[in-house]
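J.: To start, I am sharing the structure in question, which I have written as structure tokens.
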Amino acid sequence: DEQRQRLSEAVKNIFLFRSLDHDQIGEVLDAMFERRVTEGENVIRQGDDGDNFYVIESGVYNIYVKNENDAEPRLVGNYDNSGSFGELALMYNLPRAATIQAVTSGALWAMDRHTFRRILLKSACRKRKMYEALLENVPMLKTLEKYERLNLADALIPKVYVPGQQIIMQGDSADGMYFVEDGTVRITMAKENNEEKEISRVSVGGYFGELALVTKKARAASVYAVGKAKLAFLDVEAFERLLGPCMDLMKRNIEDYENELLKIFGSKANISDIR
């Protein structure tokens, strides 16, 4: 019972599990087993066959990738006491795409290949296929490795808005960013007289909401669905974990947006979320 309680907490925010029903979640919990790791241990090695899928309960883990032209593996990211890894090799019957090394001692929950494919593969593949084409057409994400885009697809949450519905309110705190899967949204900003002025529109393949996450300020604009809009939402925690490689590009975009505000309002706003 004590193990099951800890496991339930560990898997609570794992995106691969979100499409499972209650019975399937119970089956997943029953099938997972605990694995303790020590500092410096390689949990998985790039190039090896996939054996298990892992959910992190505790510990810090570095992600290393070695390409053909690299003399040494490159550190491309890390997990800090949360997250999951190891699913790509199991889903696509491919060798491990990265090495995961424990920076500290910690605890993992593992699920073997057979159980993973039987319970999770169908729902995970359906979701990935749905979002893969969308993400491949977002210019900002060209800097990501393929496996990073696939992890991003896992983290996206579908949201649908009716015509005229407000998606983001100016002044609110930032909880995540959005990709437009279908439809169009309009971005407005209210100045001193509280009159809202439309700044731009974002349609299929576009995205918005990222700059408030980069600058860590309140939303400086409101966003509304023009017609029915189907969006893919990425929460702030997943944003920070998955989009680190794109951060410099997003920061460079801030100056472009400030210059657009200068044209519209005659002065630069204290920008935090403008498209």
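Yeah, the Cβs are placed from backbone N, Cα and C, and that goes for glycine too.
Quick paste of what TrEMBL says about this protein:
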BINDING   E87, R96, E210  3',5'-cyclic AMP 1 binding site
BINDING   R219  3',5'-cyclic AMP 2 binding site
DOMAIN    16-137  domain 'Cyclic nucleotide-binding'
DOMAIN    140-260  domain 'Cyclic nucleotide-binding'
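Each of the listed features needs to be described in terms of its position in the shown structure.
T.: Looking at the domain 'Cyclic nucleotide-binding' (16-137) alone, the prediction's average pLDDT is 85.
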J.: Have a look at the binding-site residues E87, R96, E210 and say which one has the shortest Cα distance to R219 (3',5'-cyclic AMP 2 binding site).
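T.: Checked the binding-site residues E87, R96, E210; minimum Cα distance to R219 (3',5'-cyclic AMP 2 binding site) goes to E210.
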J.: Under the DSSP assignment, what numbers of helix, strand and coil residues are found in the domain 'Cyclic nucleotide-binding' (16-137)?
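T.: Counts, helix then strand then coil: 41 helix, 41 strand, 40 coil.
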